[in-house]
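Trainee: Just passing along the structure, written as structure tokens.
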Amino acid sequence: MGQRIHFVVDPQGWCCMGLIIFVWLYNTIFIPKVILFPHYEEGNISVVAVLCYYFCSLFCIASLFRASVADPGKLPENPDIPITEREHWELCNKCNMMRPKRSHHCSRCGHCVRRMDHHCPWINNCVGEDNHWLFLQLCFYTQILSSYTLILDFCHYYYFLPLKKENWDVFVFRHELALLRISAFMGLIILGGISRLFYTQLMGIFTDTTSIEKMSNCCEDISRPQKPWQQTFSEVFGTHWKILWFIPFRQRQPLRVPYYFASHD
Ligand SMILES: [Zn+2]
Ligand SMILES: [Zn+2]
């Protein structure tokens, strides 16, 4: 469960995701070439700053890749529903399958997703119970990477000493100003958009409410007991270890065994 490659056939989603990968590639190729390496060679920045940049970049692309190919929480064809859990299940009138409450049918993906938050065209996948943690990591590392890029753009112009050894035969130095302006422009747009999204996502987890539930205002009917924030975050990330909440290179283990996987007599 959750380890199969999940691939959504949606050309619009491919375009959105392609755009995100383009921005990532742009910043991962040009920023080190124009700012990081030349300033490192001239002793203006330390190797730690270079490594940190590449770490952020790696964590960003890893969480993007994993969030987009992870199974968001598709339901099995014939779920084995324990008798005690029956009242928590309902029938989807679109795919005619039984699903636990809080699931939602995604018309883009064509199936129901457990604890679906929303369908995200930027990762070309649904954000559901099994990949919500990766989506949060993606938002987090994208914010860090775009802030880092903006700081570097700024420092290159206003703070660092001018480069002594610029090679004007190289494309990136000839078009340096234009490249950095594009990078700063993309950084500002992405940072603005993602910060807003990240804030609403965090608020949703604090209150244990998905984006779909918030939009449909259905939560007054659901009398869920209020859980402490550590519990709701641990459930999303599948671990109580807070340090692991930041690591995309692991497998998520659900804290609560899903209904149909629970063994019963
Ligand atoms: Zn359905
Ligand atoms: Zn979907």
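Start at 1 and count along the chain as shown; that gives each residue its number.
Note that Cβ sites are derived from N, Cα and C of the backbone, with glycine treated the same way.
Unlike curated records, TrEMBL annotations are generated automatically.
Just lifted these from TrEMBL, have a look:
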type: TRANSMEM; residues: 12-31; note: transmembrane segment
type: TRANSMEM; residues: 43-65; note: transmembrane segment
type: DOMAIN; residues: 88-216; note: domain 'Palmitoyltransferase DHHC'
type: TRANSMEM; residues: 138-159; note: transmembrane segment
type: TRANSMEM; residues: 179-199; note: transmembrane segment
Trainee: Any residues 6+ beyond the ends of the transmembrane segment (138-159) with a Cβ under 8 Å from its own?
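Mentor: Same-chain contacts beyond the flanks: 24, 27, 31, 34-36, 39, 52-53, 56-57, 59-60, 63-64, 67, 123, 180, 183-184, 186-188, 190-191, 194-195, 197-198, 201, 246.
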Trainee: DSSP helix, strand and coil counts for the domain 'Palmitoyltransferase DHHC' (88-216)?
Mentor: 69 helix, 18 strand, 42 coil
Trainee: Could you tell me the mean pLDDT over the domain 'Palmitoyltransferase DHHC' (88-216), as a whole number?
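Mentor: Averaged over the domain 'Palmitoyltransferase DHHC' (88-216), the predicted model reaches a pLDDT of 90.
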